[in-house]
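Student: Okay, these came from TrEMBL:
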- 296-307: compositional bias 'Acidic residues' (COMPBIAS)
- 319-330: compositional bias 'Basic and acidic residues' (COMPBIAS)
- 121-249: domain 'TFIID subunit TAF5 NTD2' (DOMAIN)
- 296-348: region 'Disordered' (REGION)
- 378-419: repeat 'WD' (REPEAT)
- 451-486: repeat 'WD' (REPEAT)
- 493-524: repeat 'WD' (REPEAT)
- 535-576: repeat 'WD' (REPEAT)
- 577-610: repeat 'WD' (REPEAT)
- 619-651: repeat 'WD' (REPEAT)
Amino acid sequence: DRQTLVAVLQFLRRSNLRESEEILRREARLLGDDLGGNVATVATSSPGVAAVAAVPPGKGEARGDCGVGPSSRREPREVRSPCAARSLGGSPLCWDTRVGAVVVEDQPDVSAVLSAYNQQGDPTLYEEYYSGLKHFIECSLDCHRAELSQLFYPLFVHMYLELVYNQHESEAKSFFERFHGDQECYYQDDLRILSSLTKKEHMKGNETMLDFRTSKFVLRISRDSYQLLKRHLQEKQNNQIWNIVQEHLYIDIFDGMPRSKQQIDAMVGSLAGEAKREANKAKVFFGLLKEPEFDVPLDDEDEEGENEEGKPKKKKPKKDNVGSKSKKQDPNAPPQNRIPLPELKDSDKLDKVMNMKEAARRVRLGPECLPSICFYTFLNAYQGLTAVDITDDSSMIVGGFADSTVRVWSVTPKKLRSVKTAADLSLIDKESDDVLERIMDEKTASELKILYGHSGPVYGTSFSPDRNYLLSCSEDGTVRLWSLQTFTCLVGYKGHNYPVWDTQFSPYGYYFVSGGHDRVARLWATDHYQPLRIFAGHLADVTCTRFHPNSNYIATGSADRTIRLWDVLNGNCVRIFTGHKGPIHSLAFSPNGRFLATGATDGRVLLWDIGHGLMVGELKGHTDTIYALRFSRDGEILASGSMDNTVRLWDAVKAFEDLETDDFTTATGHINLPENSQDLLLGTYMTKSTPVIHLHFTRRNLLLAAGAYSSQ
């Protein structure tokens, strides 16, 4: 694109980068001195390079989203060296893409990132600038005040960092002390970290600082409020603040009514502000895959049941449940072969048949019929219980411990047995009907098996759907796959260099996901020793991971206080949900795949409509971190378990009915949450002194909960 090229050449000339300019000319065969053309026209026709083209003379660095459009997360590095420009060469067509690759790096160079703070305003006037803006916002009309107040926090942080970077330490200290009390309470943790950055040197290695600098803080503001702000800053000629707004904030402007304080408070609080509306526009196939069909044979028990009730059970009309598997293809489901899923083995089919039989006896839950709760308390867990999982058929329970062991218990009268040794196996008649029984070694039968292998606390555990395998992830940076036939470790997956906080098997087996301190989630297949996908985008640890019921998507919760939904097929992030005020620690998809529930350290459960990308509910009641969330098998009830030693049951049907998801709401994010979530609370159940770290509904809708007794 010739115009783009001309703009870039003009920029290089203005920045006195003659050598780079020459190289680019030669590459593009622009030998004449045809640098005419107005920069402004270029800016309008090519937004990707607008920021580069419009840099004023005298600032010798490329700032803004250089060549990658407004959605870029990373700040560019300075394009100064001739070799940098040379590597961008090639035909003029490749310019845009290569700029993206070279200038915008995944791990930003700290000094380049910080150098954007070089512009010197008068340090003594910073307090005046900020308090002037504060006065203007506080005196503006109510409808604009709530929206414009969102500016306080990001501006406060950037102005403080700018003062520190330019070594005005006393001014920075006084600025912090004067204004930090005005910030919203949910930023307290961030401000505590910020207050420890008092010298330029501190900024070099600080991750939080880098996050803030490299990701644009997103604010969603109505056009009227934005015009008001712009007018004010231009009249006052308050360039310092206007520069920060343009450089470090991404203002997502929408047409329509400004949002109220409640609407804004519900959505803000994450490390990088709200999600851009664009981020939640992609189509998501949230429907369920069609279940394979096979006949359910009647066994004796069923026949007895027929005679007692005098009518055959088989003919019972199928209840039309929220989560019932329909025989018709769900219109919102992904194509059956969108991602390759493992074939069903005979044993899987048998298990599905068992599952269907159990489902026929399932208790239909609701406000009038709450589940019984069976609590597994780990006593004397001096090793420190750090993770729990229960098999889908509720026959085994696993605990991960801080002493690096993984312990598996049988919770049915059937003991856990290992397969016999190779020598003994060779003596077995392979044709006999009970060959699967014969291969088990009775001498090894016990209620508990301990698996040794990790070298640090085990933070996540997950059983495979067929109960043949178990995953565990640990502080040692590995995920291990254990066989439940031999109770030995089969594979250690090494990919994370730091603690791995969570891991989970796909509902179809074979695939699993892990997330850790390195801020990325990884998708694995059990037979590959390297990850198939790496999901990068979170600004802090990935603390929890969950597969969507159709296995085409993965949800991740993070300490950056956002939840992201990733497409397994191409690794793209298709949803970003903001609204929690603390790190996310639990995720649960509804059985029908339409909704997601999330719990965090802020003690709130938030409900999300995946298709529309909207928050549709907020459940308040817990007073501490929520570590466990689970929907009942048909999706009528949501159970939440917390560090406040309670299990709470919520009416999920009521929470999701009559949702206002019209186009306007979807377009602007004007969500209207009910004032009071207490009428959705169906029950609160206290333990004596046991934080709840896992919940599980059995196939018949009995609720199992687990946690370790704490004596304090």
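The backbone N, Cα and C atoms fix where each Cβ goes, and this holds for glycine too.
Where the annotation comes from TrEMBL, it is an automatic prediction and has not been curated.
Keep in mind the model is a prediction, meaning the values are calculated, not measured.
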Student: When you scan the chain for residues with a C-beta under 8 Å from the repeat 'WD' (619-651), skipping those not six or more beyond its ends, what do you find?
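Tutor: Distal contacts: 319, 321-324, 359, 362, 364-367, 370-371, 373, 375, 582, 585-592, 597-601, 603-607, 677-678, 680-697, 699, 701, 703, 705, 707.
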Student: Same chain, outside the repeat 'WD' (451-486) by at least 6, Cβ under 8 Å from its Cβ: which residues?
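Tutor: Tertiary neighbours of the repeat 'WD' (451-486) are 345, 347-348, 351, 384, 386-393, 395-396, 398-408, 416, 418-419, 492-505, 507-509, 512, 514, 516, 524, 526.
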Student: Counting only residues 6 or more past its boundaries, what in the same chain has a CB within less than 8 Å of a CB in the repeat 'WD' (378-419)?
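Tutor: Long-range Cβ neighbours of the repeat 'WD' (378-419): 351, 354-355, 425, 439-442, 444-463, 465, 467, 470, 472, 474, 476, 482, 484-487, 693-694, 696, 698-699, 702, 704, 706-709.
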Student: Which sequence positions outside the repeat 'WD' (535-576), separated from its termini by at least 6 residues, show Cβ-Cβ distances below 8 Å to it?
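Tutor: For the repeat 'WD' (535-576), the far contacts come to 73, 106, 211, 215, 269-272, 275-276, 279-280, 282, 284-289, 333-334, 338-339, 341, 501-508, 511, 513-517, 519-523, 582-589, 591-593, 596, 598, 600, 608, 610, 613.
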